[in-house]
Amino acid sequence: MNAWEVNFDGLVGLTHHYAGLSFGNEASTRHRFQSSNPRLAAKQGLLKMKNLADAGFPQAVIPPHERPFIPVLRQLGFSGSDEHVLEKVARQAPHWLSSVSSASPMWVANAATIAPSADTLDGKVHLTVANLNNKFHRSLEAPVTESLLKAIFDDEEKFSVHSALPQVALLGDEGAANHNRLGGHYGEPGMQLFVYGREEGNDTRPSRYPARQTREASEAVARLNQVNPQQVIFAQQNPDVIDQGVFHNDVIAVSNRQVLFCHQQAFARQSQLLASLRARVNGFMAIEVPATHVSVSDAVSTYLFNSQLLSRDDGSMMLVLPQECREHAGVWGYLNELLAADNPISELKVFDLRESMANGGGPACLRLRVVLTEEERRAVNPAVMMNDTLFNALNDWVDRYYRDRLTAADLADPQLLREGREALDVLSQLLNLGSVYPFQREGGGNG
């Protein structure tokens, strides 16, 4: 059956700031306390969406979450009106304010793990929300992510959205950032590659930085998504590269159809994994980048592998990269050699995503890949699909509500909270989502 990959990109939120919340993510740590530009960040992301949509790649948008997220501050013991809660936490425990104001939901590669209908036992598209258990600021995302996905994929005959796994370290799940799908045409059954960093009873794990994904979580997600057991491979990421800042697999590998583009040191027991993929995926091609050409450090600093590998109708592929790759002589030299070599990659497309990159999120972090048949695509909430009208409406919306400069100190401003709620109220109507945010269901949450 014919099917297409639709990229659902996260829209950067109004409180995008640099707080260094993500230990193990070196860009996040390096840019801590710098001032950010939320308006520019949102526009950089929108421009990528629109460019790819104009180039013929189906594209949609996932909206930001409510931030600062007052209900969690109340759970932490701060009371009074919303304004009083903000004032108290800013004075007594400002680190909590930064955590509950994070715009990290923009990296929707971590929102969920997807199983296309061609891979599932019941013939539905399955989406399992990620619990993002390893980082407090990200663990807050799952309930609203679930509401948003149910509002976008609202046809229960075709889509099944599963709640996140229990919030315990044993079941740490980071979503599609640790998941690849390999195969022929999108509509054909594919091989799902789940990548984990640690498993109970296995001493092979990183020592410097945390392994965020567990094998136990990956296995549970595969079960929830009803993936045909014959179409699943579980593989461990190389713990040494996690310790060098590769906190998700999509920082060291990206797949599309029959191609796996990865670093030579991406996986533990890499040669066995590639042999298994060759045996199970028709026409499988591994493009392994040697450490002598690109070091792991350079891969992390440029986000070479946090790229999007997109298929054109003629079978050729385009690699979507952050500007940092073009600015690194060694990486750019390698990429031009890659273009000249015998493989499907025939074009490089570069985007300026500096605002997201400074927090450790490149092109692949910003998108959730969902393979859909034509019938399934028609069943998606049409208001989220990118086109000229939506692009212009979202740009105007960003101009109206977003600040062009934000520091951690600004997060205590009650006006920022009010601006954010008003903006999301308007956005949820624009995207026909209904009342997906807690403040909409609780009448503002004051008290």
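Every residue, even glycine, has its Cβ placed from backbone N, Cα and C.
Positions annotated as active site by Swiss-Prot: E174, H248. Per Swiss-Prot, the feature active site, nucleophile maps to C365. Here Swiss-Prot flags 19-28, N110, 137-138, R212, D250, N359 as substrate binding site.
Positions of the features from Swiss-Prot, shown on the structure.
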residue : record                   : DSSP class
A19     : substrate binding site   : coil
N110    : substrate binding site   : helix
R138    : substrate binding site   : helix
E174    : active site              : coil
H248    : active site              : coil
C365    : active site, nucleophile : coil
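A distance of 8 Å separates the Cα atom of D250 (substrate binding site) from that of C365 (active site, nucleophile). Restricting the active-site residues E174, H248, C365 to those with a CA within 10 Å of the CA of A19 (substrate binding site) leaves an empty set. For E174 (active site), the recorded positions whose C-alpha atoms fall inside a 10 Å radius of its own C-alpha are N110, H248, out of L21, N110, H248.
Taking CA atoms as the reference points, H248 (active site) and N110 (substrate binding site) are 9 Å apart.
When the neighbouring Cβ atoms lying within 10 Å are counted for each of the recorded positions (R138, H248), the highest count belongs to H248. Comparing the Cα of C365 (active site, nucleophile) with the Cα of every entry in L21, N110, R138, these being the binding-site residues, the smallest distance points to N110. Annotation for N110 (substrate binding site): same-chain Cβ neighbours under 8 Å, separated by at least 6 residues, are S104, A130, L132, R138, E141, E174, G175, A176, A177, H248, C365. Cβ contacts within 10 Å of D250 (substrate binding site), excluding its own Cβ and spanning all protein chains shown: 30.
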